[in-house]
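For A:149-192, the entry in TrEMBL reads domain 'DUF1648'. Annotation source TrEMBL lists domain 'DUF5808' at A:322-347. What TrEMBL lists as transmembrane segment is A:6-24, A:51-69, A:81-102, A:138-157, A:185-204, A:236-256, A:268-287, A:341-362.
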Amino acid sequence: MSFLIFFIVTLFIAVIQTFIPYLVKRTIVFGVSIPEQYIEDHMIKKYRKHYSLSVAFLSIIILGSYIVWVLGNERVDNQIALTGVIIEFALMLISLSFYLYYHGKTKLLKQQNKWVENLKAMQVTDLSVRKQDEMLPWYVYLLPILSTVGLMIYTIMNYDILPDLIPTHWGPGGEADAFTDKTPISAIQLTLVLLIMQLMFLGIHTATKKSGIKLSATSLQASRNRQLSLRKYSSWLLFIVLLAITMLMSYFQLMMIHPEIGEGTVKMLIPFGFLLLVLVGTLIFSIKVGRSDKELETRVEARIMDLDEDQYWRGGMFYFNRNDPSIFVEKRFGVGWTINFANPLGYIIIFLPLILIFLISFL
Amino acid sequence: MIIQIEAESDIPIYTQLTNQIIEGIARGEIAPGDSLPSVRAFAADLGVNMHTVNKSYHELEKKGIISIVPKSGAIISPTERISEEKKQQIITDLKPVIAEALVLGVNKKEVQEFVNTILGEMKER
């Protein structure tokens, strides 16, 4: 079981890492902004191809060796899990190294060819673009939040029938494997953590909605498609993942109150189904958003380009822009969002709930 | 309506913003009663500082083109009867531009054509 889980997760990471250069925003190449006029340059195409082939090749070798290693001898679950985690990190490190290598090369290429000289930098927006935004409304979050509050009340009402030991951790098979003494706090601890997570997701949703819809002066329609699909589908994915987390944790909580519902194969299937849902959801999301700005043919007539924001992106990955009131911005290497590190609000939304969850879990 | 800002222009960004919004109203792309985006959303979408948008909104408000209503944002004002004083002001503003054109060698007929071309893009309110 744990081999299957680790294999699927690692395969997923490998596939995503391999295809990232073809899923990112059209005018960003390895974290470097390239004017629309030059994105079809043969050197750029070559870099993309080399990156993908290298990552794919190494992934196949690593995953192949993992299979051989597991099947070759009798391995205990612990060993399989530890090795699984190590190869996942190895894969991410490998693709990061290739990214950094090609980031440097692309930067040099842009400089040597003087691509930004003689191009007028433009910033553009459409006053009606906010009306086309199709992100979910915030109040859909009330549904999981109310359900959690209800479960909390239900737990307190059934305090007498709770077991003397409250589970605090579950293994990959959905089996509780760590416990703590029964107190009114420990009884609702899991639901409390869930509630904080729900509020955190709601905070992320709201901050995303307030963040800028960045259009490109040279490919207005393509950039509009991409920004709007990124916003729409990421709000869906965020909400679906939250629903799945809510169901998973509520199930654990209910299983503690009524142990009889946790019998049979359901126990095995629920965590596995959760993982599969998150992975498949992320994959569909990445492809949908990744393709959203590639299908349109754009021709740039004027000698213009988008304002070069490379100076705000450290290593093409970390965004620091004091002037931008956005809390989240679109990632440069990958599909999704990254935080504007120059905006303190972002830290509060991400780190405050994590600290709270940490405190609840350990105090 | 599309707003396009030239980042490295000599004209300050807030002035470019003000001018483009006014032109947008003149062309009929946005109409009286329409609301402009909030300062935060506008600045985030365009990728400029919030102060820049704020400054432009205040300039537009001073000119009587928008009214800033707390909570509901900036709304484009309906057309009012223009005062004689204001008309004189417009003539005064127009004079140096036309004079400059003539001094630079544009003839009167061409100036009139310029004005007609510009008017052709816009509609009367």
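In case you wondered, yes, glycine gets a Cβ from its N, Cα and C as well.
Keep in mind that TrEMBL annotations are predicted by a computer and have not been checked by a curator.
Same-chain residues lying 6 or more positions outside the transmembrane segment (A:6-24) and placing a CB less than 8 Å from one of its CB atoms are 30, 47-48, 51-52, 55-56, 59, 62-63, 66-67, 80-81, 83-85, 87-88, 91-92, 95, 275-276, 279, 282-283, 286-287, 289-291, 294, 331-335. Residues belonging to the domain 'DUF5808' (A:322-347) score a mean pLDDT of 93 in the model. According to DSSP, the secondary structure content of the domain 'DUF5808' (A:322-347) in residues is 4 helix, 7 strand, 15 coil. Across the range of the domain 'DUF1648' (A:149-192), the DSSP-based residue counts are 21 helix, 12 strand, 11 coil.
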